[in-house]
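K.L.:
So TrEMBL lists the following for this protein:
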- 154-174: transmembrane segment (TRANSMEM)
- 195-217: transmembrane segment (TRANSMEM)
- 237-267: transmembrane segment (TRANSMEM)
- 288-316: transmembrane segment (TRANSMEM)
- 344-444: domain 'STAS' (DOMAIN)
Amino acid sequence: MTFIAGVYQVAMGFFQVGFVSVYLSDSLLSGFVTGASFTILTSQAKYLLGLDIPRSSGIGSLIATWINIFRNIHKTNICDLITSFLCLLVLIPTKELNEHFKSRLKAPIPVELVVIVAATLASHFGKLRETYGSSVAGHIPTGFLPPRPPDWNLIPNVALDAIPIAIIGFAITVSLSEMFAKKHGYTVKANQEMYAIGFCNIIPSFFHCFTTSAALAKTLVKESTGCRTQMSGMVTSLVILLVLLVIAPLFYSLQKCVLAVITIVNLRGALRKFKDLPKMWRLSRVDTVIWLVTMAASALISTEIGLLVGVCFSMLCVIFRTQRPEAPLLGWVAESETYESLSAYKNLQTKPGIVVFRFEAPLYYINKECFKSALYKQTGVNPVWVKAAKKKAAKRILREKEEDSAGNQTGISMDFVSEPLEFHTIVIDCCAVQFLDTAGIRTL
């Protein structure tokens, strides 16, 4: 599974499929990260309380986990609860100080490392597991399994299942990359990321590894400690290698609640996105709704489905926006050649007998009726009604002629044209029309 998923991702990079990342908008990415943060927080909450409850997975795992937590709240381990509280008292103020004085500090205070070392020593010498039943990391096996090639006979059986895994793994990786790229001012090449995540699956598949992608919690921890370049990944890899080969037994007494607190504290940046909602609502209500839908789907259903829901909902919003776009009449700014919306600006001038109409969207089969109705409404003239009125008047004239009432013909004709139009020319501004299809051409 890991091998074939990596092959798919490398193939997608070769065929330049990374362009799909343009469909991941800022509001979608922000909502996805916040929803995923709720999922991570929920998965770590049981360790804060020292509860031994089964791990929930799949759709609705967040709700199921919280139900299990509240059902077993009376089994809370007081030792783990106190340790979690003490770690929070140390981590949160120190992290805030790191952020507040980051311009003055040559390097952030490694508070996570200090907390892990202190908690491990306290748990070991205080015998917290033996005395209070505290949940600890326990035995961590050292060394590597011998490498071996994947079982080629299984590839046909997992070929279809690996497709969504490859796509979702890439989407999650690129979404997190785009979020941090925007925050720290650099660009992300989606196809390059496709190659990277693909080879990160192909090579480890020979070492019995699971399919991999970007990890939000670990990325937030690294960012909060000041990591900025690929060198941090090299250091992390060397430390993990050292742990696997040598020092893993030293973490036997480390309480799980300490690791959970470190993870949760580093989620606070993603959870602070709720503070931006009022500003986002004032700027764009559609983007706010996209954020809320993606966040809710990622948290309440699952992160994979939440990302898919966010992309689909975002594309639907784009379709709805083009289906009913702005279509104002324009006036020109005095002493310039600039035309602006008459409904949005005051003191604009118009030329007698000329109406300028602008349609601010592509003109295609979905919004062609909206184009016509907006044009008729803004100009006050509906050709269909005019044509129908002419036919009706012609029938009346013909009927009156048959009744030998030729004297009323002139009056009827004069009644029909008694309300002359205020303009003789309509100019359609197509500057905002990015493309037309055959239906749009026929509409024009």
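Just so you know, glycine gets a Cβ as well, placed from its N, Cα and C.
What does the local environment look like for each feature on the list?
P.N.:
Here the transmembrane segment (154-174) has Cβ contacts under 8 Å with residues 1, 3-6, 8-9, 12, 18, 21, 24, 188, 190, 193-194, 197, 201, 211-214, 303-304, 307-308, 311 of the same chain, all six or more residues outside its ends.
Among residues of the same chain six or more beyond the transmembrane segment (237-267), those with a C-beta under 8 A of the stretch's C-beta atoms are 37, 40-41, 44-45, 47-50, 80-81, 83-84, 87-88, 91-92, 95, 112, 115-116, 119-120, 123-124, 128-129, 134-144, 217, 220-221, 224.
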K.L.:
Within the domain 'STAS' (344-444), how many residues are helix, strand or coil going by DSSP?
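P.N.:
Output for the domain 'STAS' (344-444) reads 49 helix, 16 strand, 36 coil.
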K.L.:
The domain 'STAS' (344-444): mean pLDDT?
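P.N.:
A mean pLDDT of 76 is what the model gives the domain 'STAS' (344-444).
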